[in-house]
Amino acid sequence: MASLAALLPLLALLVLCRLDPAQAFVNQHLCGSHLVEALYLVCGERGFFYTPKSRREVEELQVGQAELGGGPGAGGLQPSALELALQKRGIVEQCCTSICSLYQLENYCN
């Protein structure tokens, strides 16, 4: 758990630059420890909900995707829009693979 002392330099930088914290996090790639620190900063005392997928779950998802189509131009079955919409988008997909905003991070706060 990140201590308040570890977050103080970041908070001081925000104050010195006179940036609104919401503007400081708009459209950022956040991965690994940077993602966790951003969640601590955004959620504060509320804490956050994060359950990373196990390696087995990730491998099963990759196998399932390969069986559906095997990638672009492979000629296999392509997933329907409904199947894509039903896939769970986690915080890693939202903030590390893609970019996310402060408001998307707040969705993971308790």
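Positions of Cβ are set from backbone N, Cα and C atoms, glycine also.
For Cys95, the disulfide partner recorded in Swiss-Prot among Cys100, Cys109 is Cys100. For Cys100 (disulfide bond), the number of other Cβ atoms no farther than 10 Å from its own Cβ, over all displayed protein chains, is 23.
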